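Peer 1: Below is one structure. I have some questions about it.
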């Protein structure tokens, strides 16, 4: 029997290393986005927009290659999400980084066919060589494809997808103030291996593969269940939509909100009130209520604000009319 001093092994964290190219290729999409990609089910699906960094992964090097740690249960989460939703990735990072990460997730985590995000395929396009594939598994939006006049906010209407059938998961609520009923805040997935490296002179990979209870920060990361915990909620939204396609998944999400969430209907306060911004915006409950919170009531200040936002949206979309 192991002594009480023996370190307890916890869930292993998966590390993906993938080649990066700084070229664009065909990896930047126009706004609004093209129609949803065809799927085996052929039926319409609601849209799930996913942030990347600190929502799905934690990156620790990004040079000629990108090395990142996969959040626990990401494969299970994405496998589920792909069946029930149109999945769109949306990062505040540069397009070349986004392509590298998505390619790594597609090939190394999900085992999907090589797509246009693969570095070798991008290089072929840039050099004028016919690429091996023009396959696309997911749309991915990146830095600049946001409301740059509003702190680079990821504003769902930019995509052209119906707001009532779109949900965004992000660790940063700064993307939610104009679409508060569509946002789900997730706890950031991040950790710092620096202390472990200094103590052991080990590489990041060695540190990650030797996690034990003596490093609480790493143990917490390895035991993260945030993605897994969201599946019941997302299942409820998907089932409601599948049973009745006219269902608003945004409204269905109201069954998972606390009563005080109605305070987010004032978009100005979402941005300026620290209490709402820090403690209410994007929050969801662990269990579904019998009744949804009241339908949104537009605050007086929303009208003028949204007029300016629509102008900003049109400006941004005009900058991305064609794929680049």
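A Cβ is built for glycine as well, from the same backbone N, Cα and C atoms used for every other residue.
Curation does not apply to TrEMBL; its annotations are automatic.
Relevant sequence annotations retrieved from TrEMBL are reproduced here:
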- 301-313: compositional bias 'Basic and acidic residues' (COMPBIAS)
- 315-324: compositional bias 'Polar residues' (COMPBIAS)
- 41-211: domain 'FCP1 homology' (DOMAIN)
- 287-324: region 'Disordered' (REGION)
Peer 1: What are the DSSP helix, strand and coil residue counts for the compositional bias 'Basic and acidic residues' (301-313)?
Peer 2: 12 helix, 0 strand, 1 coil
Peer 1: Return the average pLDDT for the domain 'FCP1 homology' (41-211) as a whole number.
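Peer 2: Taking every residue of the domain 'FCP1 homology' (41-211) together, the mean pLDDT is 90.
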